[in-house]
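As structure tokens, the structure follows; a few thoughts come after it.
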Amino acid sequence: MFTSTGSWGLYKAPLSKSLLLLPTVLSVLLTVLLPQYHDMFTYNLQAVRQGKEFWRLVSGRLFCLDLKDTFCSSLLIYNFRIFERRFGSHKFASFLFGAWILSAFVDLLLTEALRFMFELQVDVLPAGLLGPVFALFVPFYNSIPRVQVTQVLGHVSITNKSLTYIVGAQLLTSSAYMWIVACSGLIAGMFYYSNKLAVQKFLRVPEWVARCGSVLLEPVFSDSEPTAEAPLGMGATLDIQRQQRMDMLDQQLLLTQLAHFRRNAQQQPAQQTGLLNWNRFFPSLRHRGQNRLQEGPQPQQPPYTHPPDNTDVVEEQVARLMEMGFSRMDAQEALRASNNDINIATNFLLQH
């Protein structure tokens, strides 16, 4: 699933791009050129408790003061940009804002609990937007399907989500008290994602702020629409290049025939009683090995119209797709077309 969208970069994700560039640049400046201002952006909880310097809950949770933390958090923000594309910049910003506020309170509660129960005094925590970054693992775990890519040593499965978890583990082990920030972010993410006590209604970015941010960010951080053609990997073997070409041709054929199907549905609404059948779009898997052995372009075959597909859908899978933000009609159509394969249905809906 990420393979098909990974080449799009930060297209339609201006907030993710701004979070990727601005904090990184400022973190590098504070670390390399302006180390004398480190104290202003230190996440010092002792100064908050004893000195009543509550402004540190803001300044200490904006910019990373460690380049390793900056690098890992930037990679995670880049991977989590899919949520901004799926839900829109406003909802994505509301999730980050709500998780940022909630994780600050959880930081204070956890450190006080450690001091009371284990006499462990924690005065300084890692600085930066780390709470919201760890909070994004909650929707990532719950709403992104797990697709196996390969296996290592015949037992260890490598999935489309493994790299993100590895980067998160690296960030988790980068400093002594990072686990406190990680726990705070995960707790805040679960609380906000489950909408306990209707927290999403109160901790959200106002509409006027979202509009102002859209006016300011989109002209600066917007990307041009990607082309349908994706460049092939340099240095790839012949088999990999053939597979990549096949995948691109499959995608182009799917898009072309889907547009043709929708035009026919609009022109003849009374005659369309069936729903989408993906057998018209995807070539049979048992023929894919034969296609690899054929050299040269093949003549395009006219699409064959199958009879209406009346496959029953599983309501539990419909509910899972609706939780991801898709409409009930689209979820039912995708599941019927994929013979109730939720991974294929989700992948198709995310790409369209």
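Each Cβ is built from the backbone N, Cα and C atoms, and glycine gets one as well.
Summarising the annotation, TrEMBL assigns domain 'UBA' to 312-352. Taken from TrEMBL, the feature region 'Disordered' covers 290-311. Annotation comment: TrEMBL describes 20-37, 92-110, 122-141, 176-194 as transmembrane segment.
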- Message: Using Cβ atoms and a strict cutoff of less than 8 Å, what residues sit near the transmembrane segment (122-141) while being 6 or more residues removed from its termini?
- Response: 19, 23, 27, 41-46, 60-66, 69-70, 73, 76-77, 80, 83, 95-96, 99-100, 103-104, 107, 111, 114-115, 161, 164, 168, 171, 174-175, 177-178, 180-182, 184-186, 188-190, 192-193
- Secondary structure content of the domain 'UBA' (312-352), with strand meaning DSSP E or B: 29 helix, 0 strand, 12 coil
- Mean pLDDT, the domain 'UBA' (312-352)? 79
